[in-house]
Amino acid sequence: MCQMHYFRSPRPSFHTNCFARIEFTIITSYGSKYHASLLFLRKFNNSNKYCYLLIVQIYDIIYLINYYFTDMTKPKIIVILGPTASGKSTLAVDLAKKFNGEIISADSRQIYKGMDIASGKITKKEMKSVKHYLIDITLPNKIISLAQWKKLANQSIKKILARKKLPIICGGTGLYISALVNNFNIPKGQADSSLRMRLEQKDIKELFTELKKIDPKTAKTIDKKNKRRLVRALEVATKTGQSFRDQQKKATPKYEFLQIGIDIPRDELFRKINKRVGLMLKKGLLREAKKLLKRYPTTLPSMSGIGYKEIERFINKKLNERGKPFTEKETIEYIKSNTRHYAKRQITWFKRDTNVKWMTKPKEIEKLITSFIE
């Protein structure tokens with residue numbers, strides 16, 4: 001917004017010089033005010049014709065431009081994203097060390113305490129070398145909504161910026177990243193425990209069928225294999241009578257983001273996934289799952305993650321398609337297969353965003369970040 005005031009001297013007489021000053025104030029979107037002025041010298045000749053000689057008070061203009069644009073510059077943030085097992089966490093730690101950064105996890109499973117192996121959580125040693133946020137912040141029986149996570153992420157960003165460090169978002173939960181980058185206005189309807197309990201009892205196909213009936217617009221774009229997402233969309237549509245998609249309006253972004261996606265050949269990614277599952281089993285995935293399953297019901301959103309649901313079928317000797325109890329070998333293969341399918345869905349989600357820069361070489365990523373933050 002610009003407020004202008006024009007001050008002019010009386011009409012000049014013959015051979016008279018007069019000065020006119022335009023003073024103006026710019027009020028930025030942040031509420032800050034900056035002042036500048038232009039000084040005009042008007043000279044009249046015998047025929048009453050005149051020309052304008054513009055004298056700019058340079059110091060005022062430099063002050064205005066410098067402070068106005070400095071105030072408008074948004075803090076810069078790096079986002080490292082990609083499918084599971086693509087090497088995001090290791091890359092983020094390396095980048096944080098190089099660029100004096102701190103990491104915010106964008107993973108819907110790593111927020112839970114005790115879910116270490118199945119979620120691919122980094123080690124305590126790695127966390128000591130670089131400060132991490134939004135890891136181990138609550139118990140598996142608690143539900144962290146998208147709105148809550150976004151609020152916590154913004155709080156973490158402010159803390160990192162206050163420490164004069166570079167915020168680095170790292171994770172594979174596409175909805176978390178989209179909500180933060182696009183600054184979604186997220187519906188904040190209060191949870192209805194009875195409604196949620198009813199929805200949680202249904203399988204994915206039943207939930208998707210119900211969503212198509214009451215909110216077809218959201219059903220066209222939602223990840224129909226994400227049970228937690230389906231339940232939330234149904235909750236909002238049922239309670240508000242409005243489309244869940246329509247309620248997710250974008251607001252003006254608070255920050256400037258550089259989104260970097262780890263581009264990895266599909267065959268190589270699948271090999272890494274299979275290898276990673278093997279390492280998880282060696283680290284004690286079966287033991288971790290048994291411990292959690294004793295304490296928490298499988299109906300909790302946190303317990304629906306890959307690894308726990310397959311092991312639960314094996315532990316409780318549930319029957320497979322052939323009518324026989326799931327074997328350990330069969331369970332392992334299902335974990336690998338479901339993880340590969342999940343990775344494909346992650347890639348599909350991230351590829352929709354044309355702002356993501358897909359890269360493979362760490363050195364090229366470092367160069368891009370350097371040019372972005374300078």
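Just so it is clear, glycine is given a Cβ too, placed from its N, Cα and C backbone atoms.
Here TrEMBL flags 50-69 as transmembrane segment.
The ATP binding site annotation in TrEMBL covers Gly82, Pro83, Thr84, Ala85, Ser86, Gly87, Lys88, Ser89. For Gly82 (ATP binding site), the same-chain residues 6+ apart in sequence whose C-beta sits under 8 angstroms from its C-beta are Lys88, Gly172, Gly261, Ile262, Asp263, Ile264, Gln346, Ile347, Phe350.
Cβ neighbours within 10 Å of Ser86 (ATP binding site), excluding its own Cβ and spanning all shown chains: 23. Summarising the annotation, TrEMBL assigns substrate binding site to Thr84, Ala85, Ser86, Gly87, Lys88, Ser89.
Per-residue pLDDT, averaged across the region 'Interaction with substrate tRNA' (107-110), gives 96. Under the heading region 'Interaction with substrate tRNA', TrEMBL lists 107-110.
Cβ neighbours of Thr173 (site 'Interaction with substrate tRNA') (same chain, under 8 Å, six or more residues apart in sequence): Ala106, Asp107, Ser108. DSSP classifies Thr173 (site 'Interaction with substrate tRNA') as coil under the three-state reduction. TrEMBL lists Thr173 (among others) with the feature site 'Interaction with substrate tRNA'.
As annotated by TrEMBL, site 'Interaction with substrate tRNA' applies to Arg196 (among others). Counting only residues at least six positions away in the same chain, the Cβ atoms of Val231, Glu235 sit under 8 Å from the Cβ of Arg196 (site 'Interaction with substrate tRNA').
Within the set of binding-site residues (Pro83, Gly87), the lowest number of other Cβ atoms found within 10 Å of a Cβ is recorded at Gly87.
Those residues of the chain, other than Gly82, Pro83, Thr84, Ala85, Ser86, Gly87, Lys88, Ser89, with a C-beta within 8 angstroms of the mean position of the ATP site C-beta atoms are Gly172, Ile262, Ile264. Listed in chain order, the extra residues whose Cβ falls within 8 Å of the Cβ center of the substrate site residues Thr84, Ala85, Ser86, Gly87, Lys88, Ser89 are Gly82, Pro83, Thr90, Gly120, Gly172, Ile262, Lys272. The Cβ of Ser89 (ATP binding site) has Gly120, Ile122, Glu126, Cys170 as same-chain neighbours under 8 Å, each 6 or more residues away in sequence.
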